[in-house]
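Enquirer: Copying in the features that Swiss-Prot gives for the protein in this structure:
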- G193, V194, P195, G196, S197, G198, K199, S200: ATP binding site (BINDING)
- 160-303: domain '(+)RNA virus helicase ATP-binding' (DOMAIN)
- 304-444: domain '(+)RNA virus helicase C-terminal' (DOMAIN)
- 40-60: region 'Disordered' (REGION)
Amino acid sequence: MEWRRAFSKKKLEEKVKNMDAKQATDYLLEKVDEQRNLENKLDKRLQNTRKKNKNKEKTRTWAEKYPPVDYYSPEFVENFMKDMRREEFEKSEERRGHKQVRLGSDNFVGDDPLKVLSEEALKAGFQHTGKVMKRFPADVFEKSKFIGMYDRHLTTLREKACCKKERNQIQSKLIQLRQLKPSCDFLAGTVSGVPGSGKSTLLKNVQKKLKNSVCLLANKELKGDFAGVPSVFSVEEMLLSAVPSSFNVMLVDEYTLTQSAEILLLQRKLGAKIVVLFGDREQGNTNKLTSPEWLHVPIVFSSDSSHRFGPETAKFCEDQGFSLEGRGGEDKIVKGDYEGEGEDTEVNLCFTEETKADLAEVQVEAFLVSSVQGRTFSSVSLFVRENDKPVFSDPHLRLVAITRHRKLLSIRADPEVWVSFMFATREGEEVDTHCYGEEHRPDEAE
């Protein structure tokens, strides 16, 4: 039955505009009850009227006699209904014995991808930070001015490309950057954890459970670790892919290895409505606008506990200013000279190409620390020379270097280098917030 509204839309909107969602919902539900009581009274009056007089003219509905003078706006009604659905969802969650962790705004509570992420993160031992995922407008690329700076950065790289293949790859990114239009608003949040906290395992579990999501690996060398997980690509693969793709959720592994503009370009290319970044914020470098941290994506889940190594490594990290808790098995850190005999280990690491070449001269194969972020080994030998100081002075890269092992870390360095390594800082380094990339033109500042 239609009935006249007893309350003015404008008055209700004015009343609830300064309330939070719960207060507004309680207030509006109370008014709904009052309106229903009024409806019942009117209905009874109409029934009595019909009994007394069968004349159709006299038994018109109350709404026909007195048409509504003030309808609610569609937006107001939609928001009101969302509040009601949210409250009903929260009540159902409480009845099942647990309270729903909210990652999104009221519009997104109970949405399947966010619920899966929440449940799996808590199950993996991650703590909810109390923050919700941040909503970004579809044109954030333009509003942040990253798009112009990234365009000039790619143009410079294309001009300096050393081969046709590299030039074509950069050109492909430029074409997409200039042709792709804003697709949709999106939510973004970060899952941050110390090395060994279980980020990759969590990511795999989330990706397996979601229906329309893609997992992007910043380190392409990790692709073998994701065997059996659907829709897994490297960031570079997806950026260069000519096949149109669309995913509701975009998950990025080791996001600190990506660039801020790459994340925005990928979101636009895929039309993703939810973007979740997985990584360790301590392993990122925020001194350049290329860092994803300049997007200010909130951390929604975090973990300071490592299951990879034990207390000795945790103490060693703490001595260098890194805070984490070692909950793994027995581990060991040993010191040795750069030259001479040392512990036999699964892999050798170093910081620079020069040190890598120096080791190759004596038939010692080594990998750069920057190439193994996200990977783990049973035992590691880390070779450090004095000439490596500009690189190992970066605390983010140093943390990667000393957390790749599970049982044994052998640091091979001469005594004078050891002191520099333990107390290294980036002297004179300045934050560069007006340009994008290592090399830029003077007119790049916006």
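Note that Cβ sites are derived from N, Cα and C of the backbone, with glycine treated the same way.
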Enquirer: Where does G196 (ATP binding site) sit in the DSSP three-state scheme?
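Expert: Where G196 (ATP binding site) sits, the three-state DSSP reduction gives coil.
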Enquirer: Cβ neighbours within 10 Å, counted over all protein chains: which one of the binding-site residues S197, S200 has the most?
Expert: S197
Enquirer: So of G193, P195, G196, G198, which of the binding-site residues has the fewest other Cβ atoms within 10 Å around its own Cβ?
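Expert: Candidates: the binding-site residues G193, P195, G196, G198. Fewest Cβ atoms within 10 Å: G198.
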Enquirer: Where DSSP helix means H, G or I and strand means E or B, what are the helix, strand and coil counts for the domain '(+)RNA virus helicase C-terminal' (304-444)?
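Expert: Output for the domain '(+)RNA virus helicase C-terminal' (304-444) reads 45 helix, 31 strand, 65 coil.
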Enquirer: Note down the number of other Cβ atoms within 10 Å of the Cβ of V194 (ATP binding site), including every protein chain shown.
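Expert: Taking every protein chain into account, the count is 26.
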Enquirer: Show which residues of the chain containing K199 (ATP binding site), separated from it by at least 6 in sequence, have their CB under 8 Å from its CB.
Expert: V191, G193, D253, F278, G279, D280, S303
Enquirer: Taking the centroid of the Cβ atoms of G193, V194, P195, G196, S197, G198, K199, S200 (ATP site), which other same-chain residues have Cβ within 8 Å of it?
Expert: D280, S303, S306, H307, R308
Enquirer: Count up the helix, strand and coil residues in the domain '(+)RNA virus helicase ATP-binding' (160-303) according to DSSP, in that order.
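Expert: Counting residues per DSSP class in the domain '(+)RNA virus helicase ATP-binding' (160-303), I get 62 helix, 33 strand, 49 coil.
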